[in-house]
Amino acid sequence: MTTTTADRAVVADSRAPRERAPEGRGVATVAHLALILWSLLVILPLVWTVLSSFKSTQEVLGNPLSLPGQLRFENYVNAWTTAGIGRYFANTVIVVGTALVLVMILGAMCAYVLARFSFPGNRLIYYSMLAGLTFPVFLAIVPLFFVLKNFALLNTLPGLIITYVAFALPFTVFFLHSFFKALPHEIYEAAQIDGAGEWRTFFSVMLPMARPGMASVAIFNFLGLWNQFLLPVALNTDSKNYVLSQGMASFASQAGYAVDFGALFAAVVITVAPVLVVYIIFQRQLQVSVTAGGVK
Amino acid sequence: MTPDVVPDGGPTRSAVRRRRRPLTFDRASFMLVFLGLPVAVFVIFVVSPFVQALWYSLTDWSGFSSGMNFVGFDNYVKLFHDDIFLKAVRNNVLLVIVVPIVTIVLALTLATLVTIGGSGTGTVRGLRYAGFYRIISFFPYVIPAIVIGLIWAQVFTPGSGVLDALLTKVGLSGFENYAWLGDARTAMPASMFVMIWGFVGFYMVLFIAAIRGIEPEVFEAARIDGAGRFRSAVSITVPLIRDNVQTAYIYLGIAALDGFVYMQALNPGGGPQNSTLVMPQQLFTTAFTKGQFGYSTAMGVILAAVTMLFALLVFTVNALTGGRERKVKRR
């Protein structure tokens, strides 16, 4: 490799004023090539999906590499109405929206108490929540079915919401725990001296201070809940109440035979679009939170 | 018990602060709602099902009938003679070995290229357009797994799928109508590929952040000592972000032990000759299609046990190879 000699030369006078040298350019080129290749591998299937969503079924089944003859927006209409994606979309927004608000409130309250108050059982609760993070949901799924049945919540949206909340709670508490722990004690004291009760202290003082943490967890929870598949498939079997992910699965499995393939691809695009938009808006925030959550 | 509750002022203050506070309505209602409500939800919908599962797994319960007999470990004995379930276990073990390793190697390579692949003199610097690559690579993480599965199922479809069309176009006519997911030889590798495709971006971003967290002076010093980029990556980056790699391995392993969503999207029936069947799929069918609830919860217990065993194994291996020592030093 020619770069070795260049390497050495640079090291030798590395204290000299920086000057442009070809050193490392070869590496950079290879790096770019590899990353472009990977980016293409990520992008191309998505581009193909979008293109196919504008094709007729004949075109989809005919030549996969061809461009759509015309932009058939009716595929989107068909997916939205005939295939019921519109309804599933509405259900998903209701379920995920409500569950998200609830889990953020309950999670923040629980994390706050666990992080800032000492009482018997504190550690026990915290560690059982940690354990709840690692246990496979599959172990719980059958009993959960009957728990919901006993509460008459099986196959209902409220039942799904409360289950989402319960299973997103451990992660939320775990993540926010460190945020509340880090808040200075003086602020709590000041609030108390100013006559604020515990409720007031939390909602007016502590919660606003944990806002960065709350935002990160909210984004994570949003993605996690939007993508949830197992819980609705097991606990929400009434097709009127389907959420997007299970609606997609059932659409695709019926599809094997006489399906409107254009509409299937359109349904995929409809499902992916909102999360991609959220991602693009919050991408910086999200990547920062991946770091914060992952490093621990 | 509520009067015992005292705000925790940290180790230095607890002595001063540890005095009983009067139990006012504010304080009582606060504890009840702030702690009681979330814990109740957690206990009813998360803890209790887990605990019940242990009991159900020892019965022959079929779910809707009222009769339920205690059968001891019969379900477990039966499981060890259930060829289909054992096949699913083997598939899961294969997934847990291949998927995390390939994902981590790929994610680490890409993260290294992004962070120290840039050209320049003296200092090691990141690649240009790093932000762009990072954003694109992260895409799959935000796409619902079921949709990732469905997209790739379409890509792999013989005839109308884009993969066969592309391969034929470049001259590999043997793939004109090749069923990637319908052939027992390729169904599993193809499924693994899809899972890895879905995972890599997330871990790449995680590793990029970890590498950026390393002091630049460390790279500088290595550089002065004559270490090239490759050497720096292997001898500096990997050891220094070891904890992140361990965390990633555990998350990925748990995801691979699940695999339900991907497999359900790619091959709902378990694949040709059950070649892609995973434990969760078999559990799901046994419970909700066949109605053998006792038997299926026993599968859940096995799944949980395998998961715990896996995590323990990763921790042990990491500790034995010196991971722990460093961690202690760092704290």
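Note: Cβ is positioned from N, Cα and C throughout, glycine not excepted.
Taken from TrEMBL, the feature transmembrane segment covers B:28-51 (among others).
Here TrEMBL flags B:89-314 as domain 'ABC transmembrane type-1'.
Tertiary neighbourhood of the transmembrane segment (B:93-119): same-chain residues 125-128, 130, 133-134, 137, 188, 192, 195-196, 199-201, 203-208, 210-212, 219, 229, 232-233, 237-238, 245, 248-249, 252-253, 255-257, 259, 278, 310, selected by CB-CB distance under 8 Å and a gap of 6+ residues from either end. Per TrEMBL, transmembrane segment is recorded for B:93-119 (among others).
Residues annotated as transmembrane segment in TrEMBL: B:131-153 (among others).
Nonlocal intrachain contacts for the transmembrane segment (B:190-211), taken as residues 6+ away from its ends with a CB within less than 8 angstroms of a stretch CB, comprise 95, 98-99, 102-104, 106-108, 110-112, 114-116, 130, 134, 137-141, 143, 145, 148-149, 152, 156, 180-181, 237, 241, 244-245, 248, 252, 255-256, 259, 262-263, 266-267, 271, 276. Here TrEMBL flags B:190-211 (among others) as transmembrane segment.
If you look up TrEMBL, you'll see B:248-265 (among others) marked as transmembrane segment.
Marked as transmembrane segment by TrEMBL: B:298-321 (among others). The list of residues near the transmembrane segment (B:298-321) in space but at least 6 beyond its ends in sequence, with Cβ under 8 angstroms from a Cβ of it, reads 53-54, 57-58, 75-76, 78-79, 85, 89, 92, 96, 242, 246, 249-250, 253-254, 257, 279-280, 282-283, 286.
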